[in-house]
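Structure first, then comments.
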Amino acid sequence: MANLGCWMLVLFVATWSDLGLCKKRPKPGGWNTGGSRYPGQGSPGGNLYPPQGGGWGQPHGGGWGQPHGGGWGQPHGGSWGQPHGGGWGQGGGTHNQWNKPSKPKTSMKHVAGAAAAGAVVGGLGGYMLGSAMSRPLIHFGNDYEDRYYRENMYRYPNQVYYRPVDQYSNQNNFVHDCVNITIKQHTVTTTTKGENFTETDVKMMERVVEQMCITQYERESQAYYQRGSSMVLFSSPPVILLISFLIFLIVG
């Protein structure tokens with residue numbers, strides 16, 4: 001809190017100094033006038049610039065022979081043959097314009113990425129789908145199973161289903177629930193595609209998913225702790241009072 005108070009004091013002094021400088025800034029203008037560098041009236045010896053920004057023979061800022069700022073032969077600022085500023089062959093509307101940009105299409109990769117970053121999965125009672133992970137390298141104690149795992153690891157899940165960590169009393173309960181729901185969902189989804197799992201597959205999936213669920217628990221616990229720390233910090237009365245005072249100075 002001492003370091004926080006020092007930083008808040010520095011922020012207060014910087015804000016107060018900036019407000020003082022804003023009040024002392026001179027008004028914009030030209031040299032020794034306080035106004036425009038090329039005034040439209042009152043210039044000694046006449047004004048070399050037209051008062052309304054037009055060229056030769058332009059009463060209202062348009063091109064040659066333009067009464068109101070349009071192109072050649074344009075009465076009101078449109079393109080050639082346009083009476084009121086529209087596109088080619090248009091009377092001022094914005095429909096059917098040439099080279100009109102099309103609306104960007106939503107990429108399926110973006111949709112999949114959003115669903116894989118902890119989104120709630122519908123139909124699973126509040127379970128969320130974690131982000132994709134690299135399958136861990138696990139040794140099962142014999143050469144056959146180690147080789148079998150290396151050859152079939154791509155068939156096993158690389159994402160886990162889980163509930164928020166604040167709904168569990170400890171890590172073991174979180175991991176147990178995470179393993180069960182993940183294997184169940186992966187088995188059902190894969191079986192409907194015509195692929196079956198042997199007992200060896202299930203055994204290996206349990207080991208793989210368990211490691212992934214432990215990793216997911218550590219990530220979620222860290223994020224939950226950081227959110228809680230931020231809430232405690234900004235809910236303390238001194239910090240709230242100081243922030244309110246700074247907002248009052250800036251807005252006022």
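Any Cβ shown, glycine's included, is placed from N, Cα and C.
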Partner cysteine of C178 (disulphide bond, per Swiss-Prot) from C22, C213: C213
Cβ-based isolation winner (fewest other Cβ atoms within 10 Å) among the glycosylation sites N180, N196: N196
Confidence summary (mean pLDDT) of the repeat '1' (51-58): 46
